[in-house]
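Colleague: Pasting in a structure now, in structure tokens, and then I'll have a few things to ask.
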Amino acid sequence: MIGTPLKKSATKLMMLGCGELGKEVVIEAQRFGIETIAVDRYADAPAMQVAHRSHVANMLDRDALERIIKQESPDLIVPEIEAINTTFLLELEQQGFRIIPTARATNLTMNREGIRRLAAEDLNLPTAAYRFASSYEEFCQAVEEIGLPCVIKPIMSSSGKGQSTVKTPDDIEKAWNYARQGARGAGERVIIEAFIPFDYEITLLTVRHVDGTSYCPPIGHRQEGGDYQESWQPMPMTDKALAEAQRQAKVITEALGGAGLFGVEFFIQGDTVYFSEVSPRPHDTGMVTMATQNMSEFELHVRAVLGLPIPAIELLSPGASHVVLAGGQDDEVSFSGVEDALRVPGSKVRLFGKPDSRPGRRMGVALVVAPDVDTARKRAEEAAGKIRVEPVK
């Protein structure tokens with residue numbers, strides 16, 4: 001049963017975190033007649049620009065969150081970012097609020113330690129060897145045990161912040177400091193992972209819905225400093241590797257529970273599949289599905305959350321996405337070259353509407369469909385490269 005927005009019968013969805021992914025979720029929810037409320041720590045965030053109303057609050061602050069949730073009384077609370085008081089979400093769920101997909105899933109996946117221990121120690125999924133450290137002394141010992149090269153990440157961060165690879169002993173102190181600087185919330189610990197010489201990495205978008213579990217065609221992606229730069233779909237895989245990735249994705253998403261879309265990341269080495277991470281919500285690499293699939297990851301998430309059916313997920317065309325990044329720190333920006341980007345065959349452009357910029361901030365994405373993935377990747381890079389993010393004088 002779906003009510004009428006802005007009436008007593010309204011079905012209300014509250015987004016906690018209002019970036020570009022939250023914006024698309026809000027748009028899809030509104031297509032189903034859902035009343036939407038956007039919450040983030042800064043004003044004019046992308047999802048706030050399309051929601052029915054919005055609130056600015058520090059979502060790590062329990063009291064601030066409680067005030068807004070009591071005021072709005074949402075039917076669905078949908079976390080989109082890591083910097084949320086997830087312990088309070090567990091309390092809210094016990095009080096009868098519905099957290100998407102579940103409060104436990106949100107709590108575990110906001111913290112790399114929680115999800116890694118669940119995957120590797122409880123579910124026996126293959127992962128890179130790992131250690132955790134709270135002090136520089138523990139960190140140095142962990143690096144020695146894991147060996148070089150190794151990958152360093154804060155246990156809580158977003159968009160690749162604080163991630164680096166230690167290749168030589170000279171990198172150790174820099175990596176520790178960088179990880180601490182990139183941490184979000186209370187996540188002061190870091191994870192030290194053995195470097196896997198993988199052939200490629202994928203995101204397997206996995207949907208838990210009223211009719212079971214479904215998978216999108218695998219998405220390949222390229223990262224720099226842990227932050228996504230481009231993605232493409234489908235990623236060619238052997239049948240054996242794909243079947244194993246789907247098996248592991250089902251195991252981890254069943255353990256987390258609830259309904260919704262999960263972005264499950266894997267390293268692939270031949271036919272061997274290593275679990276990396278999981279996000280219980282749409283994934284940045286999955287933005288390519290806005291061009292390639294009959295239902296985007298955002299529509300799939302909203303359908304699953306609302307208990308609506310999800311028939312066959314179809315790949316309509318090979319395609320790719322490529323990010324548009326800011327170069328400077330500015331209070332207001334404008335975009336030039338959009339018309340040139342849209343002249344690239346098969347291209348679409350999404351500008352996120354972020355209120356300000358900083359170096360490397362993701363401000364938009366170019367989406368391209370083409371007869372094959374290689375062509376789509378080249379054209380997406382070309383389209384994104386034509387867009388310039390410029391300060392408003």
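Residue numbering: from 1, along the chain as shown.
Cβ atoms are placed via backbone N, Cα and C, with glycine included.
Note that the coordinates shown come from a computational prediction; the quantities given were computed from them, not determined experimentally.
For reference, Swiss-Prot lists these features for the protein:
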{"type": "BINDING", "residues": "E20, L21, E80, D284, K354, R361, R362", "note": "N(1)-(5-phospho-beta-D-ribosyl)glycinamide binding site"}
{"type": "BINDING", "residues": "R112, K153, S158, S159, G160, K161, G162, Q163, E193, A194, F195, I196, E201", "note": "ATP binding site"}
{"type": "BINDING", "residues": "E265, E277", "note": "Mg(2+) binding site"}
{"type": "DOMAIN", "residues": "117-306", "note": "domain 'ATP-grasp'"}
Colleague: Looking at the binding-site residues E20, L21, E193, which has the shortest Cα distance to E265 (Mg(2+) binding site)?
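Modeller: Given the candidates E20, L21, E193, the nearest one is E193.
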Colleague: What's the CA-CA gap between S158 (ATP binding site) and R362 (N(1)-(5-phospho-beta-D-ribosyl)glycinamide binding site) in angstrom, rounded?
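Modeller: One finds 12 Å between the Cα atoms of these residues.
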Colleague: Compare the Cα of E193 (ATP binding site) against each of the binding-site residues L21, E80, D284, R362 and report the nearest.
Modeller: D284
Colleague: Among the binding-site residues listed here, E80, G162, F195, R362, whose Cβ has the fewest other Cβ atoms inside 10 Å?
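Modeller: Across E80, G162, F195, R362, these binding-site residues, the one with fewest Cβ atoms within 10 Å is F195.
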Colleague: Same chain only, sequence gap of 6 or more: which residues have a CB within under 8 Å of the CB of L21 (N(1)-(5-phospho-beta-D-ribosyl)glycinamide binding site)?
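Modeller: Set apart from L21 (N(1)-(5-phospho-beta-D-ribosyl)glycinamide binding site) by at least 6 residues yet with Cβ under 8 Å, we have E80, R281, P282, H283, D284, M287, F298.
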Colleague: Determine, using Cα-Cα distances only, which of these binding-site residues is closest to R361 (N(1)-(5-phospho-beta-D-ribosyl)glycinamide binding site): R112, G160, E201, E277.
Modeller: G160
Colleague: With Cβ-Cβ distance below 8 Å and at least 6 positions apart along the chain, what are the contacts of E201 (ATP binding site)? List them in sequence order.
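Modeller: Residues satisfying the criterion: G220, H221, Q223, E265, F266, F267, I268, S276.
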Colleague: Considering only the binding-site residues E20, E277, K354, R362, which residue has the minimal Cα-Cα separation from F195 (ATP binding site)?
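Modeller: Going through E20, E277, K354, R362 one by one, the closest to F195 (ATP binding site) is E277.
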